[in-house]
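Residues or ranges marked as domain 'MTTase N-terminal' by Swiss-Prot: 22-139. For C31, C67, C101, the entry in Swiss-Prot reads [4Fe-4S] cluster 1 binding site, with the evidence type sequence analysis. The domain 'Radical SAM core' annotation in Swiss-Prot covers 152-386. The [4Fe-4S] cluster 2 binding site annotation in Swiss-Prot covers C166, C170, C173 and rests on sequence analysis. Swiss-Prot lists 389-449 with the feature domain 'TRAM'.
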Amino acid sequence: MQDVIFFDQRPRPDRDQTPRERRYYVWTVGCQMNISDSERLEAALQGVGYSPATRPEDASFIVLNSCSVRASAEERILGKLGELVRVKRQHPDTRIVLWGCMVGPNNRSIFADQLPMVDHFVSPSAVDEVVALAPNPIYTLDEPALPVRDWSHPPVSVHVPIQYGCNMTCSYCVIPLRRGRERSRPLAEIVEEVRRIVARGAKEITLLGQIVDSWGHDLPGRPELADLLEAVDPTPGLLRLRFLTSHPAWMTDRLIETVARLPRCQPEINLPVQAGSDRVLKLMRRGYTVARYKTLIARIRAAIPDISLTTDIIVGHPGETEDDFRQTMDLCAEIGFDKVHIAAFSARPGTRAAEQEQDPALAVPPAVKEERRRRLEQLQEQIATERMARFLGQTVEVLVEGESKGKWRGRTPGNRLVFFSHPADLTGQLVPVKITATSPWSLQGVPQLDDSVNAQSKENGLVKAR
């Protein structure tokens, strides 16, 4: 997964009269997989009769969905649990659940001693198990909950997990220890879930997995991600289809060809390289070389010339020298990624890299990690500035996601953020936008729409005052 995100829910105003005993509070830290899990949980809780609360003290059922990718994420959760001690003291009947990647198979007993305010510890993605702990349900679910918590305003884009767990043994990653081995959801189940989501108003689907390219290898018949894309692409009403996160060892020519051919598959691939040094890649146990990665990038660009390539990089992994880091800088400059998610190495208990960091000869000082992170960010900002400048004067297709600070916000097929002004509510529509200004991180433009759009918007009552 990519960035660590902190996500909180907001209540539906039409349910303000729900008593405290049927209110929940969900607080989520982590990647898009965690956010999707929490959305599905909230939908399920609402389905059994609960409503969201804006504050934990207003809820009888509190769930913290945790992340272990970096120490800072765990610190956020522990800090939140510290705040909940007061809530538990005021309302002893409050039920608190610690959910997600902090809860592994071997640490529940440890947490039970360290975190007495927590009533239950639940492993990642186990939505049904969490729902079963809610103390005051009044309904039962007729069908599986979808990963959308509020259908009163259907989201334009929805992430759909297709796989849980990970079989890789990357030196720095704790996810396999917490989420377990890979488990692929059946193709028919995913296709039906996508159909239900799109039928209710979503326009874009992102298929989600820790190593999304490996989906299906554990299912009967060993289907591939390309097969799933073929099955999802024709969904009526679907405008765009994406997937993440990929792994260089699992990216196949067939998958590349499928992305290039299918009309709704977007020209974007997130392909984490993690380092530009073969020596560091070996320490990381990534399973490929820099040369192999470059060859793969060349094949992708040959098949999909307008591809948007993003990647993840860790700086300061134990054993990384200044020369190793310079090789990473050189790789970024050579490939020219559209976006790079950069993280300084954070030792996670139980991983091989955490053991390596105990060796003074391998450990990279925190100040050096931070300095390398800043240097790489500066380089990537220069690269992104140049790559985004190519769009100046071009007209791009934008799927409008919503409003932000008085402008409409949307994304191009390559997932580049675009802002523009228009009096009509264009949410969920594909809009041609001529780019008039660029920055490293977003584009500004003018919609290329005829007067009939404005007239139709007025007729439908969609024009907003600005």
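Quick reminder: no glycine exception, Cβ is built from N, Cα and C everywhere.
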Is it possible to get the count of other C-beta atoms within 10 angstroms of the C-beta of C166 ([4Fe-4S] cluster 2 binding site)? 21
Just to verify a number: CA distance, C101 ([4Fe-4S] cluster 1 binding site) to C173 ([4Fe-4S] cluster 2 binding site), in angstrom, no decimals. 12
Fewest-neighbour residue among binding-site residues, criterion Cβ within 10 Å, set C31, C101, C170: C170
Distance, C31 ([4Fe-4S] cluster 1 binding site) to C170 ([4Fe-4S] cluster 2 binding site) (CA atoms, angstrom): 18
Using the alpha carbons only, what distance in Å do you get between C166 ([4Fe-4S] cluster 2 binding site) and C31 ([4Fe-4S] cluster 1 binding site) once rounded? 15
Give me the CA-CA distance between C31 ([4Fe-4S] cluster 1 binding site) and C173 ([4Fe-4S] cluster 2 binding site), in Å, as a whole number. 14
Between the Cα atoms of C173 ([4Fe-4S] cluster 2 binding site) and C67 ([4Fe-4S] cluster 1 binding site), what distance do you get, rounded to the nearest Å? 12
Would you find the one among the binding-site residues C67, C173 whose Cβ has the most company, meaning other Cβ atoms within 10 Å? C67
For C166 ([4Fe-4S] cluster 2 binding site), the three-state class that DSSP assigns: coil
Reduced to three DSSP states, the domain 'TRAM' (389-449) has 1 helix, 34 strand, 26 coil
So what pLDDT does the domain 'TRAM' (389-449) average out to? 97
In the domain 'MTTase N-terminal' (22-139), how many residues does DSSP assign to helix, to strand and to coil? 52 helix, 25 strand, 41 coil
Same-chain, non-site residues whose Cβ lies within 8 A of the C166, C170, C173 Cβ center for [4Fe-4S] cluster 2 are M168, T169, Y172, V174, I175, P176, Q210
